[in-house]
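The following features are taken from TrEMBL:
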type     : residues      : note
DISULFID : CYS185-CYS200 : disulfide bond
DOMAIN   : 40-159        : domain 'CUB'
DOMAIN   : 225-475       : domain 'Peptidase S1'
SIGNAL   : 1-24          : signal peptide
Amino acid sequence: MAPAAPLVAFLTLPALVWISPVSAGRVEGSIPEIYPDQACNGGQLVEVSQGGLFGPAYRRNAKPPASGKDPSRCSWTLVANRPGKVISLQKSFFYLGQDCITSSLSVYDGNSTSAPLLAKLCGADTPSKLVSSSGALHLEFEYLGLGPGEGFNFYFEHVFRKADCPPDLVSCRNERLCVSQGQLCDGKDDCGDGTDEQDCPAGFSGRDDHECGVAPADLPGTDRITGGRQASLESWPWIAQLRVRNQEPFGFRCAATLFADRWLLSAAHCFKDYRRPESWTVSLGRHGTVLQDDEAVVRYVRRILPYPDYHGYEPWNHTTPWLWRKEHDVALLELNAPVSWTSVVHPVCLPDEADYWPETGSPCKAAGWGATQNAAESPHLLREVTVPVVAKDRCRRWFAPKDMQLGDNMLCAGYEKGGRDACSGDSGGPLTLRNGTQWTLVGVISTGVACAKPRKPGIYTAVAPYLPWIRSYVAEPAAGIKRSNPGPRTAKRVLRSKVAIDFHRTVSRTVNGETRTEKPVHLTFQSN
């Protein structure tokens with residue numbers, strides 16, 4: 001949150017490109033970098049679960065080793081820290097002499113040179129990825145000398161061994177497990193990614209009689225930092241990461257908010273470059289964006305549903321009105337299977353009615369994994385910031401017409417003096433307001449002119465005006481959740497339409513501790 005900081009690494013297809021940070025200090029939450037000092041002085045045992053591995057002479061301004069009669073040696077032994085995991089080694093950069101005589105890298109499928117040889121690498125045409133068959137991988141580098149531009153860099157990570165399923169079992173989509181036919185649609189997430197509980201007639205549900213929007217009232221973050229603070233997952237159990245599958249481990253693109261057991265709300269502009277559902281995965285209960293987290297809940301996207309009047313995907317030029325391409329920046333996401341409620345995965349409340357509008361000055365909270373003002377602050381860990389709602393007429397005065405024209409369904413939140421704001425990378429995340437003990441989703445992080453600048457508050461898509469559209473896809477109550485405290489509202493009518501909605505499915509409700517099954521319902525939402 002706030003102006004962008006230099007990133008430690010980024011992904012460009014088809015290969016990973018690794019950029020060293022300016023300072024030697026590691027940013028919290030970033031991927032470890034393994035440099036060759038120890039490896040070239042007796043060998044190095046590497047037990048971290050992921051990292052960037054640098055060969056000699058690859059670091060900026062490093063002098064190439066001098067040629068000599070005896071080859072120099074560097075060795076790394078990568079060891080998985082969890083049973084059932086293997087080592088994946090992905091090429092980021094690799095170029096050595098073409099003949100494997102002056103320099104070569106040997107990769108062994110085990111913890112020493114006595115293990116089977118997977119590959120002997122030299123030149124530039126090398127495999128993009130190597131995977132061990134067990135929990136260890138050994139690299140042995142020998143060289144007589146390296147010229148300018150020669151060297152190598154890999155990204156490695158511990159991954160679960162790919163399951164080889166027999167014909168009578170079904171492979172989970174994550175390829176980690178095999179399940180029997182009897183485990184399909186049994187109400188238990190055996191695969192861990194919901195693929196054994198998707199497309200079920202009755203459907204597995206993580207729903208219970210819990211209230212929405214419940215989080216500890218004031219969980220402390222870490223020390224205060226410019227523009228916000230690090231946040232605890234328990235205080236944001238509804239926030240989710242949207243990740244591009246083929247760009248891992250740097251696949252994070254946007255945030256989203258869980259409001260039902262298989263539904264999220266995000267910003268439509270997040271999907272401009274990747275509009276196919278199969279391009280995405282969703283991670284819930286995950287604090288960082290790049291470090292592995294085996295405890296995170298993973299789901300796939302079944303449908304991406306941008307609001308029908310959103311025009312941000314259409315061609316535009318300098319004459320195109322800003323509002324035309326920015327308004328209605330909201331999208332629904334349906335997951336492949338429901339999720340279960342835990343202390344770090346729980347739905348937020350939606351506003352009760354389409355005319356709900358937070359009062360001016362209301363202290364809302366936003367969260368995300370966006371850019372930060374200070375390069376020492378981690379953009380990789382969840383952060384939160386408190387921003388007050390700004391009156392629409394004042395917001396319009398602060399933004400000159402040349403900057404933007406605010407739509408009726410756009411909500412402003414921020415400070416006149418600036419300093420705190422959502423920023424690049426926070427898109428799609430929640431703007432919430434606490435009503436008593438519950439938190440309500442009042443906005444979706446959308447856009448702005450600049451981050452944390454004076455009289456340039458963040459622009460959010462107000463959620464309430466889109467309730468009829470949301471309810472046209474998601475049955476009411478959204479997830480069998482009780483809403484006990486509707487909270488204050490101001491009388492601001494935004495929609496003037498009538499939407500008729502049919503729910504062609506059975507609805508279960510809990511009344512006085514008793515579960516009742518009702519017939520399919522027909523609802524009409526009317527706003528004046």
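Just so you know, glycine gets a Cβ as well, placed from its N, Cα and C.
No curator has checked TrEMBL annotations; they are predicted automatically.
Residues in the domain 'CUB' (40-159) partition by DSSP class (helix H, G, I; strand E, B; coil) as 0 helix, 58 strand, 62 coil. Its Cβ taken as reference, CYS185 (disulfide bond) is surrounded by 16 other Cβ atoms within 10 Å in the chains shown.
Residue density at CYS200 (disulfide bond): 15 other Cβ atoms are found within 10 A of its Cβ, drawing on all protein chains shown. Across the domain 'CUB' (40-159), mean pLDDT in this model comes to 89.
In this structure, CYS200 (disulfide bond) belongs to neither helix nor strand by DSSP; it is coil.
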